[in-house]
Amino acid sequence: MDKIYFTVNGERYNVSGSEVTPNTSLNDYLRRDLGLYGTKAMCHEGGCGACVVSVARIHPVTKEKRTVAVNSCLVHILSCHQWDITTIEGLGNHKDGYHTLQTRLANYNGTQCGYCTPGWIMNMYSLQKSSSELSKRQVERAFGGNICRCTGYRSILDAFKSLAIPEDSVQDLEDLHELKCKSDCNKKCSDDDWCLIEKTSEDLLQLDVVSRWYKAFNLDDVFKVLSREGTDNYLLVAGNTGKGVYPNTVEPRVCIDISSIEALQDINTDDNLVIGAGMTLTELMSVCDQRAGANEDFSYMKTLREHLDLVAHMPVRNIGTIGGNLALKNRHHDFPSDLFVLFATIGAGVTMLDSNKTKTVITMKDFMHTDLKNKIILNVKLPPLSQKNLIKTYKIMVRGQNAHAIVNAGFLFHVDKDNRVISSNIVYGNISPDFVYATETENVLKGQNLFNENVLKQALLKLEEELVLKDYSPEPSPGCRKAIALGLFYKAILSLNPSVSPRYKTGGDVLSRAISRGTQTFDTDKALWPLNQPVVKLEALAQCSGEATYACDRHSSPRDVHVAFVLSTICVGEIVSFDPAEALKLPGVVTFYTAKDIPGLNSFTPTDIPWVSADEEILPRKRVSFYGQPIALIAATNHKLALKAAELVKVVYKESKNKPVLNVQDALAAPDKAARIREDSSLTPTDRGTDVIHTIKGKFTVPDQYHFTMETQSCTVSNTRRGLVVRSATQWMDLVQAAVSKSLNMPLNSVTVEVSRIGGGYGGKASRSSLIACACALVAHKLNRTATLVLPLTHNMAAIGKRQACYTEYEVAVNASGVTQYVNLSYYSDNGCSFNDSAASSITSMMSSLYDVSRWNVKGYSVLTDKASNTWCRAPGTTEGAAIVEHIMERIAFTTKRDPLDVKLIHISPDHRDLKDMIDTFKIESKHEERKVEIAKYNSENAWTKKSLKMSIMSFPIGYDGTYPVTISVYHVDGSILISHGGIEMGQGINTKVAQVCAHTLKVPLENIKVKGADSFISPNAIASSGSVTSECVAHATVKACEELLKRLEPVKQAMNEPTWAEVVKAAFEKGINLQVNALTSKLDSLKEYSVYGVCSAEVILDVLTGNHQILRVDIIEDTGQSLSPSLDVGQIEGAFVMGLGMWTSERLLYAPSGRLLTDRTWTYKPPGATDIPVDFRVTFKRNSYNTNGVLRSKATGEPALVLAVVVVNALQETILAARKEFGYIDNDWVHVDTPYSVENILKGISPKTSFYKLN
């Protein structure tokens, strides 16, 4: 039997087909077979970057070894033949020393939860291996495929850009023909040579998995296999990146790896430039760079190169091929392939090779409908085009990188010397499945002057008529996509016209993004160090080296099982019966459980736990409450098998005839409205004005948001003689312990919960984590085997609740100056199917925390809908409350034609004088008024790009609740200290702050202290780590414990002559003094509430023709008190703000009428990426601030900055109003724009009219 071989971190491995399955990825093999858990996984579709590793492989044409980053989740293990793979473990560790990248990222505080960190480092490592000279721009553009929910990206980008060289001395990153080998091969290379690898066997390899896998080295091999195996069910595999777009529901019977076929990766010229279809997109970009400057007739390839930079991201482009991309378009006509659009625009041809060795060249349009069975895409032919061929291409996306096109387009106009159109290609993607060319519009242009305004109008009219769009939910609406398509045609004409009016000129430009930069300004008192010192996070190097482990980073034994949920496929109804027979037939499937198998309380939210108000079933006995609800469990010997088996379980339902209630508006109109709506909070006015000049009515929605933790909900449960050990990715140990023990009828002392750290939380792993723990524990308990449950992203998004959307209706009366006379307001918080974790009451509290609300009549309601029970999400309640009030202040300002900041200032309560002082200082230091004047001038001079500068302010209320224990152990031999506490390290740096507090209080070096993970034995009854205050509460308990320890040590110290810490400890031990102390922060401490003040301004620019925007600059000043750890607090502020940006702009949760979540993967749900953050990001701590109410004069930072992000909404609203003026609108009334302010909703707000598209 044939075997493949490869190396991992220098060690050689051989693999046969019998050792793997048809869907074993490189990521599976690294983690499951080799136990290399530093490489993470989350989305399993190449969309998050957690799985990135570095690969050196031999190029089949040049025989050179090239190093690239790849997504290990996309690569099948059998594709790794002759690869040299490097994982994060291969770079460095605490024993052998760390790599420069690891120390650099740690020193820049570029990690928080750390789950994404190995992927970032391995991507950067591969960049450095492929080019020793990288510019800052190249570095910044290279991370489109790496998501970080915690940091806000700035610190990561700064760390890696610090390794770049000056811009004027760098070669292009994609110039692979100039790159040098950096591999650990036997031959030593000079700086001027490629490394040539010795010839290896190139015979056809056959590996029998459940299906058959072949490795072909020439085209004859491919057809030989097809002749032998048949063509009924096969797949040609090169990069395998297509499964990130269209996951394989059924594995093909035959796979043929064609990535090493030389004929598919060659490049030559006849009259055309002939590019092998097996060439990767990265190599194609390099070819574009070479040919664009070398031959005038191919200068258009510079345009192709710029567009290709927007396709997917670097690890996908490194292995994804031209042919694979086109084949995907052939199979799925709705795939918005950028390559297809580019090639169709320039009139490229595709060469097909059949089994008879016959070559046929076909057009791109014909290719769409060509049967590829028993054929190979051999190459693509790019024609030479003279300078009279004017070319522009575009891609409009929901975010800056790594997103498929809302609309992509290409325009080629072949003109004569008088700019009359000889012929043209007008190409669009994502219009309808079979749309390619706008031929009717092309005909209108023929013989016409391209830059004549009447011709433009005729073409736009015909194009508007010709574009018949299909509804592709969850894609943006047909109206949005048509507006973009028309806008892009106009943009192309503007960009190509040499004599367009200056007011319209910027409309022809694509928003270009400068290299991002940031400043962080704070005071630090060295007399307090290590407290208030900007230190590196304790876990940073462990995270950067992959040595930090998470709940399910553990090597499985043969008896271990993996658990998967069976999810409901109806929204509301009852379960009639289950039939797991087909699932249980699969070899390796162990068992199937339903609610009847739960021996104890069927609830993962027992109500005797604080903050829990309702029982929620682990598995429903009968009633289904939402689409995607976990209704049963499958256990199998591996993760993917369990998921596959879960899909085979047949469920009979009795579905409700009522239409699912999927939002607040549905609930308000539902027949059972009374049962769904609960009043939770109110404000009663004590005054009412009579000077009513304006009455303002409206509605406003704060959108929902998925937490997007890089580590999904996860748990591993093991059996011991004493009971169960639950290794849970939870923010709430106490709830998990109680829920598991009650569900299994076990005493709590038989269940130990351990949490070393979690890969992001944001509230999503508070109450919701106990569902996963209970399900996993049930299987482990009943089978008496270790069980692991890791939710795949799609299950995580379907089964777990999100941020609670909040719908508001209001009526506001004001006088001529904008002073409120009365406010009547009702808000409705979407709780999903349970009232647990409601944030409704916090909304009212936030509303009244800053402004005078004596004239406000507010009613707050929690609302039940037929969705997963929504839960806390970073700054719950406060986000909604601040946004609602900010919106109303903007409405008042618009109506009274006053500056919004002036309106806010007249409504601020008198006791917030410090905030007013902060605002005054902020305006001066940020040059607020000067910039507003500049922006007004810019807007008057530019019709199709608009800018705005807005401010938001906050008074964020901080209160204390719950119990947080701390235990400190001191070791007598060397005086070193180990701390355990009840808080959960999730990226906020709680362990580092605790160590700093301990070192400061005991007056010992920070290096003497370590902090271990939390567990329910050492830290029993610990309430959830949430609400921004956990670090403070644990710090307070640490101070108490340290003071108790010092009290015990004082008599010993007094009897000694200036002893060292170690000497005091040793002497105390010899006297029998207990060197372990513990303390608790609880209600008995009477910690006082306080407010966190913040001021923020955001400058944005809007491309009116496409709805795209950029955030040019953000300034934040926040009152942090005297920060315990300034560098960590900067990261918290930046990360919170960028998470808020995502909620207000790019993140959208969309449900089908059936209740199924449509945006449930990285292909459709888009948090901000590295190029979506503010170009200029400035964070400042309020100077000379001391919090007399908090802990050690500090203030919380984890959540407050998120509420400031609403400033971007207000800025975009102003740009929309400015844009509408260009279309002739006179907006005396407020223009309602749905949230989030996505491309679609922005364009809907603008309502563009093509009749206003002019040239002069």
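Glycine is treated like the rest: Cβ placed from N, Cα and C.
What TrEMBL lists as domain '2Fe-2S ferredoxin-type' is 2-91. The [2Fe-2S] cluster 1 binding site annotation in TrEMBL covers Cys43, Cys48, Cys51, Cys73. If you look up TrEMBL, you'll see Cys113, Cys116, Cys148, Cys150 marked as [2Fe-2S] cluster 2 binding site. Feature annotation from TrEMBL assigns domain 'FAD-binding PCMH-type' to 206-387. According to TrEMBL, the FAD binding site annotation covers Asp334, Lys395. Per TrEMBL, Mo-molybdopterin binding site is recorded for Gln731, Arg874, Gly1027. According to TrEMBL, the feature active site, proton acceptor maps to Glu1199.
Everything TrEMBL records as a feature, shown here on the structure.
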{"residue": "Cys48", "record": "[2Fe-2S] cluster 1 binding site", "Cβ neighbours (10 Å)": "28"}
{"residue": "Cys73", "record": "[2Fe-2S] cluster 1 binding site", "Cβ neighbours (10 Å)": "26"}
{"residue": "Cys113", "record": "[2Fe-2S] cluster 2 binding site", "Cβ neighbours (10 Å)": "28"}
{"residue": "Cys116", "record": "[2Fe-2S] cluster 2 binding site", "Cβ neighbours (10 Å)": "28"}
{"residue": "Cys148", "record": "[2Fe-2S] cluster 2 binding site", "Cβ neighbours (10 Å)": "31"}
{"residue": "Cys150", "record": "[2Fe-2S] cluster 2 binding site", "Cβ neighbours (10 Å)": "31"}
{"residue": "Lys395", "record": "FAD binding site", "Cβ neighbours (10 Å)": "27"}
{"residue": "Gln731", "record": "Mo-molybdopterin binding site", "Cβ neighbours (10 Å)": "27"}
{"residue": "Gly1027", "record": "Mo-molybdopterin binding site", "Cβ neighbours (10 Å)": "23"}
{"residue": "Glu1199", "record": "active site, proton acceptor", "Cβ neighbours (10 Å)": "28"}
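Across the domain '2Fe-2S ferredoxin-type' (2-91), DSSP classifies residues as 17 helix, 32 strand, 41 coil.
Using the Cβ center of Cys113, Cys116, Cys148, Cys150 for [2Fe-2S] cluster 2, the list of other same-chain residues with Cβ within 8 Å runs, in sequence order, Thr111, Gln112, Gly114, Tyr115, Thr117, Ile147, Arg149, Thr151, Met710, Gly759, Gly760, Gly987. Within 8 Å of the Cβ centroid of the [2Fe-2S] cluster 1 site, not counting the listed residues Cys43, Cys48, Cys51, Cys73, the chain contributes Asn27, Lys40, Ala41, Met42, His44, Glu45, Gly46, Gly47, Gly49, Ala50, Asn71, Thr1162. If you check the binding-site residues Cys116, Cys150, Asp334, Arg874 against Cys51 ([2Fe-2S] cluster 1 binding site), the ones with a Cα inside 10 Å of its Cα are Cys116. In this structure, the binding-site residues under consideration are Cys43, Cys51, and the one with the smallest number of other Cβ atoms within 10 Å of its Cβ is Cys43. Apart from the site residues Gln731, Arg874, Gly1027, the chain places the Cβ of Gly761, Tyr762, Gly763, Ala766, Trp872, Pro876, Ala1024, Ser1025, Ser1026, Ser1028, Thr1030, Gly1198, Glu1199 no farther than 8 Å from the centroid of the site's Cβ atoms, the recorded Mo-molybdopterin location. Candidates Cys43, Cys73, Cys148, Arg874, Gly1027 (binding-site residues) were compared with the residue listed as 'active site, proton acceptor'; those inside 10 Å Cα-Cα are Arg874, Gly1027. Checked against Arg874 (Mo-molybdopterin binding site), the binding-site residues Cys48, Cys73, Cys116, Cys150, Asp334 differ in C-alpha distance, with Cys150 being the nearest. Residue environment of Arg874 (Mo-molybdopterin binding site) contains 26 other Cβ atoms, counted within 10 Å of its Cβ in all protein chains. Between the CA atoms of Gly1027 (Mo-molybdopterin binding site) and Asp334 (FAD binding site) there is a gap of 44 Å, rounded to the nearest whole number. When the alpha carbons of Cys148 ([2Fe-2S] cluster 2 binding site) and Gln731 (Mo-molybdopterin binding site) are compared, the span between them is 19 angstrom. You'll find the Cα of Cys43 ([2Fe-2S] cluster 1 binding site) roughly 24 Å from the Cα of Lys395 (FAD binding site). The binding-site residues recorded for this entry are Cys113, Cys116, Cys150, Asp334, Lys395, and the Cα of Cys116 lies nearest to that of Cys73 ([2Fe-2S] cluster 1 binding site).
The two recorded residues Gln731 (Mo-molybdopterin binding site) and Cys116 ([2Fe-2S] cluster 2 binding site) have their Cα atoms spaced 19 Å from each other. The two recorded residues, Cys48 ([2Fe-2S] cluster 1 binding site) and Asp334 (FAD binding site), have Cα atoms 23 Å apart.
The binding-site residues recorded for this entry are Cys113, Cys116, Cys150, and the Cα of Cys116 lies nearest to that of Asp334 (FAD binding site).
Residue environment of Asp334 (FAD binding site) contains 13 other Cβ atoms, counted within 10 Å of its Cβ in all protein chains.
A straight line from the CA of Cys113 ([2Fe-2S] cluster 2 binding site) to the CA of Lys395 (FAD binding site) spans 33 Å. For the domain 'FAD-binding PCMH-type' (206-387), the predicted model reports an average pLDDT of 95.
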